[in-house]
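Quick look at what TrEMBL annotates:
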- 7-27: transmembrane segment (TRANSMEM)
- 39-60: transmembrane segment (TRANSMEM)
- 81-105: transmembrane segment (TRANSMEM)
- 111-130: transmembrane segment (TRANSMEM)
- 167-186: transmembrane segment (TRANSMEM)
- 192-210: transmembrane segment (TRANSMEM)
- 222-247: transmembrane segment (TRANSMEM)
Amino acid sequence: LAPAISMVTALFVYAVIPFGPEVMLFGQRVPLRLADVNVGILLVLATSSVGVYGIILGGWSSNNKYSLLGSLRSSAQLISYELALGLAVISVVLTAGSLSLVSIVEAQRRVWFVALQPLGFLIFLIAAVAETNRAPFDLPEAEQELIAGYQTEYGGFKFAMFYIGEYVAIVTMSALLTTLFWGGWWGPVLPGPVWFVLKTLAFVFVFIWLRATLPRVRHDQLMALGWKVLIPLGLLNLVVTAVIVVLRGT
C-alpha cells in the first residue's frame, strides 16, 4: 500500500494542472486539463500532504531500523517544508485573487509572478527540492547512514513505484513552478502547451543540476533552514503581499 500511496499522490496533482488554454476541437471548446476545479491549489496542497503517509507506512511496515529512521526523517522534512511551500502559494493566491490554477495563469498574461514574488519563488523552489527528497536534501536516502532509507526492504515493482513517485514528483513540482510563477502557457510565437513543456523541462534540468553539484547537508541544518529561515521569510513575504494588495484595492 505504501508505494501505491507515494506514486498515486504524485500523479493525482496533474488532474488540476492546466497545460494550455482551451482549444477548439470539432467545434467544441476543450480545456487542456483533466479537471476544472475552482480550488485547484487547495487540492494540490492536500494531495501532496497525503504522500507523507506512504513514506511513514513504508518505513514502519519494513521492520527495519534503517527504514524506520529514514521514514521519520522524510516525514519531518516533508511536514517542515510543506509549511514554507504553503506560505509561498498563499502569497501567489493573494496576488492573483483566486484559488483556481487557470485564473492564476490568466493573471500572469502581462507580468509573470516571478517578477512580483521573487522571494516567494525562491522559497517555493527550495521547498520543492526538499519536498522531492532531492540533493542536497536527500537525507532520507543517505546511503552512508541509512542504506536506502525507507526503501531498504523493498524490491521489484514496489521499489519501482517508490522511484516512479519520486521522479513524477520532480516533474509535478516543475509544472507547479511554471504555473504559479513563470506564466504557465504564456509566451511569444510558440503555442501555449509548447511553452508550458519547455518551462517545465527547464525546471527539471535545475533539479538534476542541483543534484549533480551540491553536497548533502546535515539533518539539523535542513531543519534549521526550514523552521528558522524559510518559514519566517514566507510569513514576511505573505504580510508584505497582503499589505500591497489591500493598498492597491483602496
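Placed from the backbone N, Cα and C atoms, the Cβ positions cover glycine too.
All TrEMBL annotations are machine predictions without curation.
The structure displayed is predicted, hence computed values, not measured ones.
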Notebook entry, point to check: Where, among 7-27, 39-60, 167-186, 222-247, do we find the most CB pairs under 8 A to the transmembrane segment (81-105)?
Noted result: 222-247
Item checked: Leading stretch by Cβ pairs under 8 Å, where the reference is the transmembrane segment (192-210) and the options are 7-27, 39-60, 167-186, 222-247 -> 167-186
Next item on the list: Tally Cβ pairs under 8 Å between the transmembrane segment (7-27) and each listed stretch (39-60, 167-186, 222-247), then give the stretch with the top tally.
Entry: 167-186
Check: Is the transmembrane segment (167-186) packed against any residues at least 6 beyond its ends, judged by a Cβ distance under 8 Å, and which are they?
Finding: 7, 10-11, 13-14, 17-21, 44, 51, 89, 92, 101, 104-105, 108-109, 112-114, 117, 120-121, 124-125, 128, 131-132, 134, 192-193, 195-196, 199-204, 206-207
